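Read through the structure below, which is laid out as structure tokens, and then see the notes.
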């Protein structure tokens with residue numbers, strides 16, 4: 001059955017929508033990434049988050065290399081139909097390609113960005129090929 | 001003192017960055033909006049969220065009409081410097097211009113977007129001028 005629900009979405013000029021991934025158990029905001037139609041369809045179909053990599057210009061099955069997949073528990077669309085919220089379970093407890101729990105690890109303090117989260121696992125031990133470190 | 005910290009940000013081609021507003025006490029993701037340099041500078045300076053309205057093409061002091069201002073408690077930048085997370089206190093308990101607590105009120109169920117949040121206050125009683133209902 002086709003995904004008519006995706007017609008409701010206000011995709012941007014590049015055919016993308018920003019997607020927030022939030023850990024369902026803790027409420028922690030893990031990352032912001034982007035999806036195109038196909039990525040969102042694959043996400044709905046598989047129950048695992050699939051994004052569009054703007055830098056690599058390809059679909060990006062989150063965790064395909066690292067094993068840090070995101071199991072989707074709920075998908076929300078906002079009032080203007082131009083932002084998505086995924087509530088997910090983060091396998092491995094690491095969402096960020098830097099090896100941290102989540103991507104928002106720089107906090108503004110006295111007009112400086114201070115790193116406030118530890119690296120849990122070094123990226124070199126997560127990714128075999130650093131060109132694909134976003135997966 | 002100038003905001004050198006804003007030089008670190010990867011602004012998009014329109015000079016904007018997506019900003020997630022999260023309620024600090026509950027962890028609830030309230031909305032996704034956009035900021036330009038000036039909006040983020042004003043947010044840091046004032047301690048209240050100021051966004052850039054892409055539809056109206058102007059700065060948008062959140063709550064200027066509705067009173068539903070957002071008091072900023074922490075500002076985070078992500079690994080790629082292209083997304084911001086604000087942790088805020090939402091005055092009035094309503095972040096969405098539809099009169100709901102937050103903007104992500106449509107949940108995907110059986111391939112349909114279902115409204116799962118009630119309207120707490122009707123927009124007509126929040127905004128005098130519906131052209132400015134986003135403030």
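Residue numbers in this text run from 1 along the chain shown.
Keep in mind that glycine also has a Cβ here, set from the backbone N, Cα and C atoms.
Taken from TrEMBL, the feature Mg(2+) binding site applies to B:78, B:80, B:82. Shown in sequence order, B:9, B:10, B:12, B:17, B:18 are the residues of the chain, 6+ apart in sequence, with a C-beta less than 8 angstroms from the C-beta of residue B:82 (Mg(2+) binding site). DSSP classifies residue B:82 (Mg(2+) binding site) as coil under the three-state reduction.
Taken from TrEMBL, the feature Zn(2+) binding site applies to B:79, B:96, B:103. Residue B:103 (Zn(2+) binding site) is surrounded by 25 other CB atoms, counting those within 10 A of its CB over all protein chains shown. Under the three-state DSSP scheme, residue B:103 (Zn(2+) binding site) falls in the coil class.
TrEMBL lists B:31-105 with the feature domain 'Phosphoribosyl-AMP cyclohydrolase'.
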Cβ-Cβ under 8 Å from residue B:96 (Zn(2+) binding site), same chain, 6 or more residues apart: which ones?
B:30, B:31, B:102, B:103, B:105
Residue among the binding-site residues B:78, B:80 whose Cβ has the most other Cβ atoms within 10 Å:
B:78
State the mean pLDDT for the domain 'Phosphoribosyl-AMP cyclohydrolase' (B:31-105).
97
